[in-house]
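Per TrEMBL, ATP binding site is recorded for 26, 182, 183, 224, 225, 226, 227, 228, 229, 230. Here TrEMBL flags 65, 150, 162 as substrate binding site. Marked as domain 'PUA' by TrEMBL: 290-376.
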Ligand SMILES: Nc1ncnc2c1ncn2[C@@H]1O[C@H](COP(=O)(O)OP(=O)(O)O)[C@@H](O)[C@H]1O
Ligand SMILES: N[C@@H](CCC(=O)OP(=O)(O)O)C(=O)O
């Protein structure tokens, strides 16, 4: 058989873990579920380690997978085929209660269920709400148990995997570290389940295309995305200056090291600069709700002078978005539309259509009201 056992694999040596006060820990489905639904087999050790860290004054947010796998086991259902979204959503609804109840067993303080959708991270108002709620939960001493709101997220708007969700949560809450607990010791230079000669990578300075090429698909029937989504998530977090540790949640050695502020696994370094949280969020907001096309002069003003976008420079609007949504700002050239920036729209699409080419002073007369002279304020802009 081509699969290798974990005992024949090269092992990771223990290394330093960056200092942290606030961490987002993501736990994959395979660590939390078994044939009977949720399972304490691996979760027990992880839960105790996290409880110890919280008791010592650290702040821990948990991104927990396992709803679909637990629901499937409880209903003795087959895994729905790709595309069978309502069935997966139903399984998630059945399994999620057990996942949260499982976590409650490890903490003597309340846990809080937080289900987030793509929209909650894309829309600035909802993003700010999510941030305030998470902050309040930490201040109250509750342990946030976060998952994607699978029962209502539709395919094209799904974050899709909880590695990505963990990176977003870390950016939203300004965490110092992301920890991805999985069923393998860390990142290897090839998928060790397929290549017995794969070598451990202790440290990744930057997620380059060459590093991405090392990552293969999921290792279990319940996992989503494999190492590829973990590296994508780590790259996002790194962009915001947040390092990511990838380690084995089934291994006592790895979990015990983490509880002692050491790492047995892979560290993806954070980039040195830590751009403003708002710009980071904008750059990573999963999808834009629409597009505002601008003329070449406006594009230059945004890119070269860091100016706000005024109605004067707008030439076209597509999509149906409302005030507060993230929009793409593009400029039309020979090869089609080129993205220039992303920003939070101060006006909705139907309003901006009435303002195309207007001077800022005309906004009041064209609309009958005004939210200010800018279509997108410079503070709410991130260049592409
Ligand atoms: N280069 C690699 N190094 C380590 N693991 C890899 C690599 N490429 C693919 N994998 C696979 O990724 C799996 C972990 O991802 P996944 O199954 O999605 O887990 P989770 O449920 O924890 O998100 C491992 O079990 C492994 O088989
Ligand atoms: N939101 C889904 C998990 C999606 C996911 O990323 O799963 P995994 O790769 O096991 O972390 C669930 O709770 O079943």
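Placement of Cβ uses the backbone N, Cα and C atoms for every residue, glycine included.
Annotated features taken from TrEMBL, shown on the structure.
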residue: 26; record: ATP binding site; DSSP (3 states): strand
residue: 65; record: substrate binding site; DSSP (3 states): coil
residue: 150; record: substrate binding site; DSSP (3 states): coil
residue: 162; record: substrate binding site; DSSP (3 states): helix
residue: 183; record: ATP binding site; DSSP (3 states): coil
residue: 225; record: ATP binding site; DSSP (3 states): coil
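Rounded to a whole number, the C-alpha distance linking residue 65 (substrate binding site) with residue 227 (ATP binding site) is 15 angstrom.
With helix defined as DSSP H, G or I and strand as E or B, the domain 'PUA' (290-376) counts 28 helix, 29 strand, 30 coil. Most Cβ neighbours within 10 Å among the binding-site residues 65, 162, 229: this distinction goes to 65.
For the binding-site residues 26, 150, 183, the ranking by surrounding Cβ atoms (within 10 Å, all protein chains) places 26 first. Listed in sequence order, 187, 191, 214, 215, 216, 246 are the same-chain residues six or more apart from residue 227 (ATP binding site) with CB atoms under 8 A from its CB. Neighbour count (other Cβ atoms within 10 Å of the Cβ, all protein chains): 19 for residue 225 (ATP binding site). Cβ atoms within 8 Å of the centroid of the Cβ atoms of 65, 150, 162 (the substrate site) belong to the same-chain residues 29, 63, 64, 66, 67, 68, 92, 147, 148, 161, 165, 224, site residues excluded.
Close contacts with ligand 2, defined as a Cβ under 6 Å from any of its atoms, occur at 65 among the binding-site residues 26, 65, 227. Residue 229 (ATP binding site) and residue 162 (substrate binding site) have their C-alpha atoms 9 Å apart, to the nearest angstrom.
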